[in-house]
């Protein structure tokens, strides 16, 4: 077998092919586990199926060697339940129920475990565990009508969205306040010291976030849970914001904004995780990316408040800063109306509470039972790998455990790229930038309002594209566009004549820049960082990712006034246009695709060594892209890095009609979005390019 990947030619059973053609959900929580996914850089190996060994382990330690999360060269994504004899699985479900105090739910969990074991064959389950028609319909609708979700889940997403709006409004209040605040507080001079003081006032929330707020999220999550942490953050986003409107000196304002940073950091580190852990995997990206949509909405509300506050006069800055307390109130009120994260309950060994959360978050009890048991067995594999940890050890392991280190690198890259792209030049200082282009105070605020509106509206396409086009693909497409639009905005300053021409064209290209940012680098970093870390390191990993993002936001806020004074708008925009290209290269080499995988399955994706991933991108993807798009070779095929493998799951079913099996595999590809290794033109095995991973 040559280097690349391989799809077993064993044929699926008739029942499986029937379910595939109907488009029925193929994982415990998504369509990606129709079969196991195999990523192979050497050759294909058959592994004996695992067997469960008890309610705690979930498998036998005498089984053949499992996937090595540190050096997963073949990187097999394995459902731990596949191949386990039915009587063995049911016996261990019974043991699990006794050990976790779930005896009253035994019958339901037995059904759920069988569905988790063979997600495409649930209609073929017989005996006492046979599913009712209502349960079958609920499982089908996960794919056919995946947006039919319970109201409680919608409430959870609305609450998380309000938390994001708080973040956006807090970021934007200082944008308009910069027009009056420096003079009112005696730091409006042209000296470098005064410019740095203005930068310190603007950067204080991000300093507080990077140095303290993010790092508090791990212990507070451990003590109070996701909901308690968000309530804690809401209060720090309420009272210091109100106090900032009453400050008399710039030093007082810095203190208030540092305290605000504690709330921003704990909230930004927790809300995306809370949304990710409560969401079904098939729509997780769309629901978690509501963070960015509503952060953009919060930015838009902030620009509206800035525009309204400008009419007040000299004290406008007080209202522009203080008004950001408004969305923090409903956040604090609503958060305890949402169910706690079931994964947090499982982490605390509170399985009965976890099941109750899942029953509220899923449409049918069998889905909740399936997800509970599947999460349990996947996390047991993860726990055996990670072992017992404490806070400091978990932080160190972000850089020492290879699987976790790769997730850290990917999340770091995505978060750093958000500051490298230059969006916060506009979000933090657009009023000042437009003033440099010749606008009056009101014109600058009006142009900033337009930016906020564009940023909000163009975030909506990502709701559909983030789980279809993919996280990585969105980034690779949008970064070149952001680079040239930012460069064009800077070059507009070379136009001779009245400053009005500068203002119109600068605004045009800034709006185009925002239109490309909003569906790409806007929603992806927080969605991506919330999902890539294993449960044991999720809080500290997300804290590190958010701290990375907001630390560099603080650096940008501190340095931009000085850069504007020395380089001008053209120099600043040109500088960040170049950083967009650097960020593009980093993403291409270090950020794998994560769309439509369960949170637990990502352990296997990030077990692939970075050098293997980089070599594939450089030696396979780039030449294919050159042949396909520059030479216009429509017959160019890309050897896929990730590929579905039906062999282990259906090997026992025996051979069937090969042509019908190939057809089922091609249909499988169309439904899931992965390459199957079957050329749809002739049914022969080949390397079919994938548009979501490469």
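Every residue, even glycine, has its Cβ placed from backbone N, Cα and C.
Annotated region 'Disordered' per TrEMBL: 1-24 (among others), in sequence order.
Under the heading compositional bias 'Basic and acidic residues', TrEMBL lists 7-22.
Among the features that TrEMBL reports, region 'Disordered' is placed at 40-63 (among others).
Feature annotation from TrEMBL assigns transmembrane segment to 152-169 (among others).
Taken together, the residues in the domain 'Major facilitator superfamily (MFS) profile' (156-595) have a mean pLDDT of 90 on the 0 to 100 scale. Under the heading domain 'Major facilitator superfamily (MFS) profile', TrEMBL lists 156-595.
Taken from TrEMBL, the feature transmembrane segment applies to 228-246 (among others).
Residues or ranges marked as transmembrane segment by TrEMBL: 258-276 (among others).
TrEMBL lists 288-309 (among others) with the feature transmembrane segment.
Here the transmembrane segment (321-338) has long-range neighbours at 152, 155-156, 158-159, 162-163, 165-166, 169-170, 172-174, 177, 181, 227, 230-231, 234-235, 237-239, 241-242, 244-246, 263, 278, 298, 301-302, 305, 309, meaning same-chain residues at least 6 beyond its ends whose C-beta is under 8 angstroms from one of its own. What TrEMBL lists as transmembrane segment is 321-338 (among others).
According to TrEMBL, the feature transmembrane segment maps to 409-430 (among others).
Here the transmembrane segment (442-462) has long-range neighbours at 172, 175-176, 179, 286, 289, 292-293, 296-297, 299-300, 302-304, 306-307, 310, 426-427, 430-432, 434-435, 474, 503, 507, 510-511, 514-520, 522-524, meaning same-chain residues at least 6 beyond its ends whose C-beta is under 8 angstroms from one of its own. The transmembrane segment annotation in TrEMBL covers 442-462 (among others).
Annotation comment: TrEMBL describes 474-496 (among others) as transmembrane segment.
With a cut-off of 8 Å between Cβ atoms, the residues of this chain six or more beyond the transmembrane segment (502-519) that come close are 292, 296, 421-423, 426, 430, 433-434, 437-439, 443, 447, 450-451, 454-462, 465, 474, 478, 481-482, 485-486, 488-489, 492-493, 495, 569. Residues annotated as transmembrane segment in TrEMBL: 502-519 (among others).
Look at TrEMBL and you will find 540-564 (among others) tagged as transmembrane segment.
Here TrEMBL flags 570-591 (among others) as transmembrane segment.
Note: the stretches the transmembrane segment (152-169) and the transmembrane segment (474-496) are not in contact (fewer than 3 CB pairs below 8 A, sequence gap of 6 or more). Against the transmembrane segment (409-430), the recorded stretches 258-276, 288-309, 474-496, 540-564, 570-591 differ in Cβ pairs under 8 Å, and the greatest number is found for 540-564. Sequence-distant residue pairs (6 or more apart) of the transmembrane segment (474-496) and the transmembrane segment (570-591) include at least 3 whose Cβ atoms are under 8 Å, placing the two stretches in contact.
The stretch with the most CB contacts under 8 Å to the transmembrane segment (228-246), chosen from 258-276, 288-309, 540-564, 570-591, is 258-276. Through the fold, the transmembrane segment (288-309) approaches residues 157, 160-173, 175-177, 271-272, 275-276, 279, 316-317, 319-320, 323-324, 327, 427, 431, 445-446, 448-449, 451-453, 455-456, 459-460, 462-463, 466, 518, 522-524, 526-527, 530-531 of its own chain, all at least 6 residues removed from its boundaries and within a Cβ separation under 8 Å.
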